[in-house]
Number of protein chains: 2
Amino acid sequence: MREFELIREFFQREQADLLLEDKAQASVILGIGDDCALLQIPANQQLATSVDTLVADVHFPADAKPEDIAERALRTNLSDLAAMGAEPLWFTLALTLPKSSNYVSEEWLRGFSRGLFRAANKYEIVLVGGDTTSGPLSITIQVMGAVESHHAMRRDGASIGDFVCVTNSLGDGAAALAVMQNRLALNADHEHYLRERFYRPTPRLIESGLLKGIASAALDISDGLVADLNHICEASDLGAVIDVENLPLSPALLAVGDLQQARTWALSGGDDYELCFTVSPEKMPELAMLIAQEKINATVVGEIVAGVGVQCELEGEAYELTAQGYQHF
Amino acid sequence: MREFELIREFFQREQADLLLEDKAQASVILGIGDDCALLQIPANQQLATSVDTLVADVHFPADAKPEDIAERALRTNLSDLAAMGAEPLWFTLALTLPKSSNYVSEEWLRGFSRGLFRAANKYEIVLVGGDTTSGPLSITIQVMGAVESHHAMRRDGASIGDFVCVTNSLGDGAAALAVMQNRLALNADHEHYLRERFYRPTPRLIESGLLKGIASAALDISDGLVADLNHICEASDLGAVIDVENLPLSPALLAVGDLQQARTWALSGGDDYELCFTVSPEKMPELAMLIAQEKINATVVGEIVAGVGVQCELEGEAYELTAQGYQHF
């Protein structure tokens with residue numbers, strides 16, 4: 001199949017079918033099919049954009065289901081918009097596909113397209129352009145969103161005494177990998193839960209909208225809490241202490257039956273796509289209210305302190321982390 | 001070298017050193033180093049964006065000089081902004097590098113970075129984000145620019161009777177490939193000229209700025225004149241005739257000594273990154289004035305007609321094209 005037909009068949013037509021009747025659609029002056037997409041940013045808003053590449057057998061098993069690969073690729077990118085407090089608008093897809101292969105076929109593309117638009121539809125983000133090339137399987141997605149001027153959640157806003165919080169639970173991403181690589185076996189419900197967390201992580205867009213006036217700094221946890229919190233520390237020129245006993249762990253993670261392993265995954269496993277954010281003591285009542293109203297699931301896991309780097313403590317004693325965060329290289 | 005150090009070493013610091021003191025720099029609220037870049041579109045302008053992937057040994061020889069690979073990657077992307085009439089503002093870079101290889105090293109990255117920022121500096125476009133992953137060598141660049149609302153040059157504006165024009169000369173890209181693959185030998189000056197045309201194509205941004213009020217439709221020629229003009233025809237629901245004898249050929253291409261081969265390259269070779277645009281008879285005097293003043297180098301090569309598809313004619317007789325445009329698949 002030739003490039004133009006391929007793009008038309010699986011992406012352009014599919015996108016047209018969706019016809020999102022919301023502001024994302026209205027803001028697309030010109031979508032797929034010209035030299036550039038032409039896009040209208042809402043008035044008084046800034047463009048927030050982030051790009052990520054997923055390579056077969058590096059970021060996902062090459063024989064994973066194409067629906068799953070696509071959903072994960074778009075959802076993890078949306079997580080970067082959530083981390084910034086931006087609302088999703090548009091994305092581009094650069095897809096490199098092997099010319100001949102026993103796992104990438106028309107059927108594969110159909111599945112990929114199905115997963116991609118399922119996630120795109122759910123989070124109301126519109127495909128506005130892309131590129132299809134032949135080569136080893138990899139997927140590059142760039143998401144674009146909008147955030148009110150001066151309201152973005154950045155990494156450099158933390159202050160001494162701010163509380164360090166995370167949404168939901170940590171460590172599930174690493175545990176899911178262990179299950180998929182047959183290093184861990186749990187009951188079917190727990191394994192299903194972990195697989196879903198891995199392939200369909202929830203970008204914390206609702207939480208992010210609520211936290212915008214509350215958090216002093218924020219990011220999403222892709223490399224592990226310690227590594228990512230360290231980015232807030234570096235950007236804010238401060239240090240942090242994590243209280244390991246307070247790490248929120250899912251029932252599946254607790255079912256592993258090895259608390260030290262679970263905590264290591266929560267601290268340094270990565271692939272969680274939860275938000276890590278800091279809140280000043282003055283703003284804590286507002287966060288507590290959101291938690292009490294069950295509008296947000298968040299836990300205080302530490303504090304911003306003077307100094308450099310992230311220290312872990314268990315019941316007040318120094319806690320040695322046995323592994324580091326995920327490194328691509 | 002770990003991912004964060006690598007990015008910092010070769011890209012973030014380099015970008016900071018440039019300190020472009022123009023609107024591109026002023027419009028970057030937050031560049032590399034947070035979850036998203038935060039960008040401010042100029043008032044009353046729309047965002048124009050385009051993404052392209054270059055894969056080693058598909059789009060360039062894996063052992064090509066890293067400076068050349070980088071310059072070509074950014075310049076060909078800028079050509080898409082030119083095709084739209086948009087002014088360059090920002091770009092992202094998703095770079096996939098082999099973990100161990102005999103051609104990608106720290107030295108390679110240094111060269112890549114040098115070429116990238118040479119082009120970025122020349123065309124005043126700012127690197128605002130990216131991703132570095134390990135895998136087979138490939139480069140995805142997404143350029144972003146701005147164009148006044150309703151002033152973009154689209155593909156769907158051609159009318160019957162419009163003249164079809166191209167900037168500068170065609171066929172050099174394909175001839176350059178023939179030289180690099182040892183299928184063609186010319187004198188040193190011509191070969192040097194062709195190599196430069198291949199690795200450092202000039203995005204026609206100046207021409208594009210001048211043509212915005214004049215052209216009824218436009219695009220850049222990446223797949224070959226016939227294939228690309230056909231995109232204008234399809235979008236405008238019309239056909240076109242190309243007068244083969246009017247194709248502008250460079251002295252290097254004429255030196256090939258085989259006019260039919262030269263014309264085939266000009267019609268279907270691709271990789272030229274010149275503009276193809278249409279102009280109504282009423283607007284031709286304005287174009288003629290720009291040509292006479294040497295503000296733009298352009299040639300009329302055909303006409304938009306009723307019907308479907310692109311026909312070639314030589315001195316009024318049907319002309320059979322011997323090869324098709326470049327296809328990735």
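Each residue, glycine too, has its Cβ placed from N, Cα and C.
All TrEMBL annotations are machine predictions without curation.
Marked as domain 'PurM-like N-terminal' by TrEMBL: B:33-147. Positions annotated as Mg(2+) 3 binding site by TrEMBL: B:D35, B:D80, B:D220. For B:D35, B:S50, B:D80, the entry in TrEMBL reads Mg(2+) 4 binding site. Look at TrEMBL and you will find B:D52, B:D131 tagged as Mg(2+) 1 binding site. Taken from TrEMBL, the feature Mg(2+) 2 binding site covers B:D52, B:D80. Per TrEMBL, the feature substrate binding site maps to B:H59, B:D271, B:Y326. The ATP binding site annotation in TrEMBL covers B:G130, B:D131, B:R155, B:S222. The domain 'PurM-like C-terminal' annotation in TrEMBL covers B:161-310. The Mg(2+) 5 binding site annotation in TrEMBL covers B:D223.
Known features from TrEMBL, placed on the structure.
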| residue | record | CB count, 10 Å |
| --- | --- | --- |
| B:D35 | Mg(2+) 3 binding site | 28 |
| B:S50 | Mg(2+) 4 binding site | 29 |
| B:D52 | Mg(2+) 1 binding site | 22 |
| B:H59 | substrate binding site | 21 |
| B:D80 | Mg(2+) 3 binding site | 25 |
| B:G130 | ATP binding site | 22 |
| B:D131 | Mg(2+) 1 binding site | 21 |
| B:R155 | ATP binding site | 24 |
| B:D223 | Mg(2+) 5 binding site | 23 |
| B:D271 | substrate binding site | 23 |
Using Cβ atoms and a cut-off of under 8 Å, determine which of the binding-site residues B:D80, B:G130, B:S222, B:D223, B:D271 neighbour chain A, and list them by sequence position, or give 'none'.
B:D80, B:G130
Could you find out if DSSP has B:S50 (Mg(2+) 4 binding site) as helix, strand or coil?
strand
What does DSSP call B:D131 (Mg(2+) 1 binding site) in the simple three-state scheme?
strand
Would you mind splitting the domain 'PurM-like N-terminal' (B:33-147) into helix, strand and coil residue counts from DSSP?
36 helix, 46 strand, 33 coil
Between the Cα atoms of the residue listed as 'Mg(2+) 5 binding site' and B:D271 (substrate binding site), what distance do you get, rounded to the nearest Å?
6
Go ahead and report the DSSP secondary structure tallies for the domain 'PurM-like C-terminal' (B:161-310): helix first, then strand, then coil.
69 helix, 31 strand, 50 coil
Roughly how many Å lie between the Cα atoms of B:D220 (Mg(2+) 3 binding site) and B:G130 (ATP binding site), rounded to a whole value?
25
Are there any residues at least 6 positions away along the chain from B:S222 (ATP binding site) with a Cβ closer than 8 Å to its Cβ? List them or say none.
B:T76, B:S79, B:D228, B:G270, B:D271, B:D272, B:Y273
Whole-number Å only: compute the distance from the Cα of B:R155 (ATP binding site) to the Cα of B:H59 (substrate binding site).
25
Assigned element (helix, strand, coil) containing B:R155 (ATP binding site), judged by DSSP:
coil
